[in-house]
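A.B. asks: This is the structure, below, for whatever I ask next.
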Amino acid sequence: MRTAYFIHLNGIVQGVGFRPYVYRLAQEMGIKGWVNNSSHGVTIHAEGPQVPAFYRRLLQEVPPLAKITHQEYREVAFANYPGFEILQSQDEGQADVLISPDIGTCGNCLADLRDPDNLRYQYPFTNCTNCGPRYTIIRDVPYDRVHTTMEAFPMCPVCAQEYEDPLNRRFHAQPVACSRCGPTVQLMNVQGDICSGLGVEQIARGEILAVKGLGGFHLVCDAGNPEAVRRLRQRKERGAKPFALMARNLEVIQRYLKISLKEEELLKSSSAPIVILERKKGDEEGLPYELAPGLHTLGVMLPYTPLHALLFDGPFDFLVMTSGNLSGRPLIYINEEAVRDLKGIADYFLLHNRDIFHPCDDSVVQVIGDEAVFHRRARGYVPLPQKCPKEFNASILGVGGELKNAFCLGAGSRAFTSQYIGDMEGYENFQRFRQELASFQKVVQIVPEVVAYDAHPNFQTTNFALAGPWPQKIKVQHHHAHLVSVLGEHGITAPTLGVVCDGTGWGEDQKIWGFEFLKGNAEGYRRLAHLEYLPLPGGDTGAKHPLRIAYAYGKALLSEKEWLMTERLWERLPAHEQKILNQQLEKKLQIFETSSGGRLFDAVSALLDICTRVTYEGQAAIELESQATQWLFRNSEAALSYSKTSPNVCDLEPRYPLEWAKDGECLILKVKELYQGIIQDVLEGKDPGFIAYHFHDSIAHGIIRTVLKLQESADPLVLTGGVFQNKLLTEKVLALCQAFAIPTIRAKELPPGDGGLALGQVLIGNERCS
Amino acid sequence: MERIIMAHGSGGRLSHQLVEEIFQKHLSNDFLNQMNDATYIPGSEKLAITTDSFVISPVFFRGGDIGKLAVCGTVNDLAVSGAQPRYLSLAVILEEGFLIEDLERIVMSIAETSRKAGVPIVCGDTKVVERGSADKIFINTTGIGSIQERWVGPQYIKPGDYVLISGTIGDHGISILADREGLEFETPVISDCAPLNHLIDSFYMPGVHCMRDPTRGGVGTTLNELARQAHVSILLEEEKLPLHPGVAGACGMLGLDPLYLANEGKVLVIASPEAVEGVLSQMRAHPLGKEATVIGRVAEDDPGFVLLKTPLGGKRIVGMLEGEHLPRIC
Ligand SMILES: [Fe+3]
Ligand SMILES: [Mg+2]
Ligand SMILES: [Zn+2]
Ligand SMILES: [Zn+2]
């Protein structure tokens, strides 16, 4: 049969061994023709009677990291090719192929690393088509070596031969290299003297290393050495913020931390994120307290580059691997900058000469309700797109929020969210934002015509959007964007009810919104319910002094008589502060009315004396959750009565019930009784963990009861906003939803916090642009 | 008669009495004494003119009152423009019921400040409005200054120039806030309200490229305006910002940023590297500039941005604020 077919596949088909896969399959099935790789994906000319079977298997047996999002199959003229060959990729106009995120080192490459007979024995940069750097080294598309920072390293004959051999694991692996031709490492002390080795001995001695990795620098020390950990914390001026760890392997993690199957899968995945895990009960001595003061969890990852794997050639199972940056500044990714900026922190520098083009922090996930929830999305996931429910009318940029910023570019049917960038008030972060925005546009081939930005008048991103060249600028309410982001991820376009439990966002009534029940879609929304407005004294200064919030909320919620009973609680607040707070509240001076969810958690945390001084974002709420969870672990019968399987769960009355009032059509969640109840328990000397636990439980009940009042149909309920990074609260809400047969949807591939905001902005912008 | 009544503004006997017994009594000088519809003033120089209206609550505050403020505000606007303040006009709008005793205090304060600044009040006007139509007292002053050589203005700002401030920032803002709201901070703060023309005379020299009095909106807003007008960026150093401990304490409590608080007796100077030492030592030699200091530098890259280098080494964007310091922590 003289038939010939043209096949076009697109998606993630570059840098994942796709062409050798096609080649091998064609060889095996006797197919003639060619395969080509272009900026539009993979094109195949296939001849021979076996073509239909070939096509079927082609789709079924794709390499593990490939992802096909577009396929085309049509008959073409027969050309009678003598064999099957791989053609060089050609560049033709606009690229459409997806760039792969970076991929953690594969098992084969790890084996090569440990095999004394292998060419790549102990070579810190070995990789293959199944693993290695991708996004972080790409300067331009299509993904070819000349478009990456590997351009600086001409291949030696051996690497070149492997690169050319369609049957080799390194066929067209763009970053392929060996010790003779590829990047090299260099260990240096603070004086600038070159030292031998990778710094393993130094780590073992308790010293601190700045290590250049895949997406940037880490500060590294032996996590089992409390003295080293303390020194690092002190030098980094880090307050109480937890350090991320890297573990030798899964077994050592299992020794100290609880791992579910889902968590294990995440740890071992090619994205290799930091996974937040719970410490094993009674094993608090195993890993120093200083790693994560006040918390029962630790963030852990597995070595994801050969260099990281080689660092474990010492007498330690866990390394601290915290981002190599200065407080409030972006991740450092350039050798010179690391040496300049980290010399007061690191004792040694482990540098290498493979340039990083897109700096990328480690991603952080936590399994909440059996799903991975992103705290931070960056390395290993960016630049994977979200498929959007509708075609975009224009190319749109969503500039994101202010803290934990990530931006998003949407066009066609896809939206690409950038890696986590950070707090935009920091100028260096803002520079990083602009730098990445420029280079991300190249990678995803989208030049925006419309910009969507948050309604907050003082966000840097708002100023940036308003000052920019885009002809159309669309202002988006913060919590509307949170809701629509999740709808977008799930392909939902119908108006849907969502609980957005969040920190702060600018509201349409000029107040600070936060804990909102919105029903809507990209076209618009209605505010159906919200937490009552409470006085936030001093704005962000208050957020750093949660006891002041607790005080102000108490003053607002309690009657004068009730207030008198609470005097004992405020002994920790200096008298002059109390005096000023009283005056502030009386005169409404620098008092912001807010329905924030986050600030309520902060206030309770301070009431319980768990956290009264915040040194990192979210600390008060995170420590409150941790205390509540630890109490739950100690009191398993309570856990049992609240477990998902309990049939009574819906009838249980929470310890601190919420109440409702009406403001026009809008329901107001009143917390007087809750606040009073908590204060009562504190005054009676109840265990703070007990109170913290019942606070979470009561908020979960409050959410569900509010939803039951609002829900008109069996539509799914959206749960999003930064507070849904709280595992205890989220799992309680999920359990209650299940008990009431309310289907829920949450953020999947983006964070529920402000890291996912930009997708919502882009989708809303798309509805409003002309 | 203790209080202002409508008849004080009618042009009749009471009006004359008020002018004579309060205004003339304290402000008397050859120009004002002409008592014509317009005052003749000598001079053939190039002139600068500015006007400002003052409405402030409370009228009396720690370190000053609305009268002193009205003289200083206009004198300072002329002085920072490189002009010698020469003459002031004074227009007063009084609310029916305002205490005459208070009016006299204010006029005495105007007289004293005008004497200190060496700038006479040369013409004036008084009106009375019904109770509720004004808040106690409103004052407008117009100032005329003369110019010999003019070399200051945003267009003269160059990358590499230094940014200086004549003393602590935010004193006026916090002092007014405390007085108005009856707040008691641990360390009381007094308004810095003062005429700056003599101070400015003392250091004004070629190499002084631009001057501003960072009143409403404070140093942060003023520098943002300059950065945009001059198409430069400005890098401040947080550790160098002179702060009265009372201002620092109040800001820490209230969540205010001293960079956005008003000053009424401070001058921001942008000077060339050659001039900076001279300007600084002259400033410090003057009683109003004892705490003068360099707070930052002008740079080229990223025009329009004002940045603040923090003690940790990072830089914070000092933006143009819309409204208050709104919470942004999510
Ligand atoms: Fe948010
Ligand atoms: Mg003025
Ligand atoms: Zn590999
Ligand atoms: Zn090689």
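Counting starts with 1 at the first residue shown.
Just so you know, glycine gets a Cβ as well, placed from its N, Cα and C.
Heads up, here are the entries from TrEMBL:
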type	residues	note
DOMAIN	A:4-88	domain 'Acylphosphatase-like'
ACT_SITE	A:Arg19	active site
ACT_SITE	A:Asn37	active site
DOMAIN	A:193-380	domain 'YrdC-like'
A.B. asks: Averaging the per-residue pLDDT over the domain 'Acylphosphatase-like' (A:4-88), what integer do you get?
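C.D. replies: A mean pLDDT of 89 is what the predicted model shows over the domain 'Acylphosphatase-like' (A:4-88).
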A.B. asks: Taking DSSP states H, G and I as helix and E and B as strand, how many residues of the domain 'Acylphosphatase-like' (A:4-88) are helix, strand and coil?
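C.D. replies: Helix, strand and coil residues of the domain 'Acylphosphatase-like' (A:4-88) number 22 helix, 36 strand, 27 coil.
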A.B. asks: Return the residues near A:Arg19 (active site) by Cβ distance under 8 Å, restricted to its own chain and a separation of at least 6 in sequence.
C.D. replies: A:Val35, A:Asn37, A:Val42, A:Ile86, A:Pro166, A:Phe171, A:His172
A.B. asks: Mind giving me a neighbour count for A:Asn37 (active site)? Other Cβ atoms within 10 Å of its Cβ, every protein chain shown.
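C.D. replies: Neighbour count, Cβ to Cβ under the 10 Å cut-off: 24.
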